[in-house]
Amino acid sequence: MEPEEKNPESRYGDPRKFDPTFKGPIYNRGCTDILCCILFMLALLGYFAVGILAWSQGDPRKVIYPTDSKGQFCGQVGSPLEKKPLLFYFNILKCASPLVLLELQCPTTQICVERCPDKFMTLVKALGNKDDVGNKTTFTDDGGKSINATDLLEASKLARAVAMRIFEDYTQSWHWILLGLVIAMLVSLIFVLLLRFLAGVMVWVMIFMVVLVIGYGNGSCLVYSSQITLYFSYMFMLITKHCTWLAFMIILCIVEVVIILLLIFLRKRLRIAIALIKEASKAIGHVMSSLFYPLLTFALLSLVIAYWAITAVFLSTSNEPVYKVSNTTECMYSTNTCNPETFNSSNITTECPGAECLFAFYGGETLYHKYLILFQFYNLFLFFWCANFVTALGQVTLAGAFASYYWAFKKPDDIPAFPIFNSLGRALRYHTGSLAFGSLILAIVQIIRVILEYLDQKLKGAQNKCAKFLLSCLKCCFWCLEKFIKFLNRNAYIMVAIYGKNFCTSAKDAFFLLMRNIIRVAVLDKVTDFLLFLGKLLIVGIVGICSFFFFTGKIKMVEVAAPSLNYYWVPILTVVIGAYLIAHGFFSVYAMCVDTLFLCFCKCQAALFISRDKTHIAILQTK
């Protein structure tokens, strides 16, 4: 690889000179970004306070048991709704809104019914047919609005039937799904271990196998897509399995063509990338505990997600039904809040004859309820911040361990006894503030994206095309900004792990270093990422094909038959998605190792990438 260009007028700073006395990650370091660390701790204390407040006010029964728009539990013993255990949604399609994830409430009228209706009509039609007038309360909301539910009967029945069948498939195949995920984990572990000893051979085998597996998928899809039939209805386009297989074939063909073209154009760079993967394999071989560190990250992320979900449920179920005085004549108490249980005994009925205490909305008028939406956003913001912090902690821990390998003069003698543990301790002791700083920047961008999505849903019915265009541009810009910040943070954390500087200095050094080596970053580092992505595809393809053959009954195990399923694609897709996540967990360690070694090399102004033990020399020459 060519040394960095020496340009005294470079806008990206002067390259660091090679220091033969540098021993790797600096141990004599101090705490960085202390103010951000204090801010993060205070935010966590506030997060716990919000959780305690939500747990004291919320009622999770509203999520577990069906609840109507007035907050009454359907089928509750001793209540007027005891014989009405089912919940009916007037427009269940509104439940697909992304706002449901934030508010955990479906924005449509919901009532308790004794049985699900088998006939749908508008209020006008119901009034026109005297035989159906007795049923009109089942199909109108509290405001007497005309609700067009004619087209929802088939949709609701179809959705209910499909959901029940999918649930039945999971109950029949959950143990086989777990077995498939265990197999995916074993295949990923075996693949990583083989890379340790046969990196060059395994990469070429991986490339050949990926092309072969995708080609086999194309052939299978072609066989199954021999006939195409389309059926149309008023709201849905139902596509038969044959058309589905045709779509899969087209997607796989596009993927294979793209992969082959990339392999052709990058053939001269593959040898360089393979050399880098070989070095990364040696590093992981000396730091085998790094393969199991993603389990800690997974456990911490699960804890963060669980706390956020539980807090969100309690916040969303802390609303209460609000009743207000309603009167057709002038009344001083009109629109005032009231209690329906004590309303008839109050003086309001005396002063305002004909006044009623009617349900107004589902919320609350206390200070807590007025700022409930802010608590939800705070819960979501701290979720992003904590999740990003856990990810950053994993990245800086792995970077510190692999940097210890790179700078070790005699391997493995100069490598610390517990590199992962030592790196994790340094990160938590000295750089909690820096990790919180980088995570905070990313969390701010992510919460802005959520706000933009929230506004997009609120303004969906607006006719202002200029506003829609501006909102779409903002969403696109912040999506790109989030990707850039993730990339910059990743490299900044590597610099933090090595030199122990604060986040801003490390981010600046990483950015200038990447810009001085922009060709190497675009060619070498990304080609390596592409090869690792092919490894993920290979593992997913192997597990996916095996699960397809098993669940469709193409292959049969001894004395074991595939479960009887309504949709065999349910367990197959579950296994495929799970296999990709598992493979991503293993290969993320490889990717972090490659990025760390690559950045360590770029910090040195050398023409050769030389192992410090003088036993391995890999010439990485950029042509």
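Glycine too: its Cβ is placed from the backbone N, Cα and C atoms.
Among the features that TrEMBL reports, transmembrane segment is placed at 34-55 (among others).
Within the chain, the transmembrane segment (174-195) has long-range Cβ neighbours (under 8 A, six or more residues past its boundaries) at 202-203, 277, 281, 284, 291, 535, 538-540, 542-543, 546-547, 550-551, 562-563, 571, 574-575, 578-579, 582-583, 585-587, 589-590. Per TrEMBL, transmembrane segment is recorded for 174-195 (among others).
Same-chain residues lying 6+ beyond the ends of the transmembrane segment (202-225) with a Cβ under 8 Å from its Cβ atoms: 191, 194-195, 241-243, 245-246, 248-249, 252-253, 255-256, 259-260, 263, 270, 274, 277, 531, 534-535, 537-538, 541-542, 545. For 202-225 (among others), the entry in TrEMBL reads transmembrane segment.
Look at TrEMBL and you will find 245-266 (among others) tagged as transmembrane segment. When Cβ-Cβ distances below 8 Å are used as the criterion, the transmembrane segment (245-266) is approached by residues 207, 210-211, 214-215, 217-218, 221-222, 224-225, 228, 527, 530, 534 of the same chain, each at least six residues removed from its ends.
Packing against the transmembrane segment (287-310) from elsewhere in the chain are residues 51, 189, 192, 379-380, 382-383, 386-387, 390-391, 393-394, 397-398, 401-402, 404-405, 415, 418-421, 585-586, 588-589, 593: each is 6 or more residues past its ends and has a CB under 8 Å from a CB in it. Positions annotated as transmembrane segment by TrEMBL: 287-310 (among others).
What TrEMBL records for 382-409 (among others) is transmembrane segment.
Nonlocal intrachain contacts for the transmembrane segment (430-452), taken as residues 6+ away from its ends with a CB within less than 8 angstroms of a stretch CB, comprise 29-40, 102, 377, 380-381, 384-386, 388-389, 391-393, 396, 471, 474-475, 478-479, 481-482, 485-486, 489, 492-493, 496, 500, 502-504, 506-507. The transmembrane segment annotation in TrEMBL covers 430-452 (among others).
Distant neighbours of the transmembrane segment (530-553): 173, 176, 180, 183-184, 187-188, 191, 203, 206-207, 209-210, 213-214, 216-217, 259, 262, 266, 270, 273-274, 277, 561-563, 565, 568, 571-572, 575-576, 579-580, 582-584, 587, 590-591, 594; these residues of the same chain sit at least 6 beyond its ends, with a Cβ under 8 Å from one of its Cβ atoms. Marked as transmembrane segment by TrEMBL: 530-553 (among others).
Among residues of the same chain six or more beyond the transmembrane segment (565-583), those with a C-beta under 8 A of the stretch's C-beta atoms are 165-166, 168-170, 172-173, 176-177, 180-181, 184-185, 188, 535-536, 539-540, 543-544, 547-548, 551-552. The transmembrane segment annotation in TrEMBL covers 565-583 (among others).
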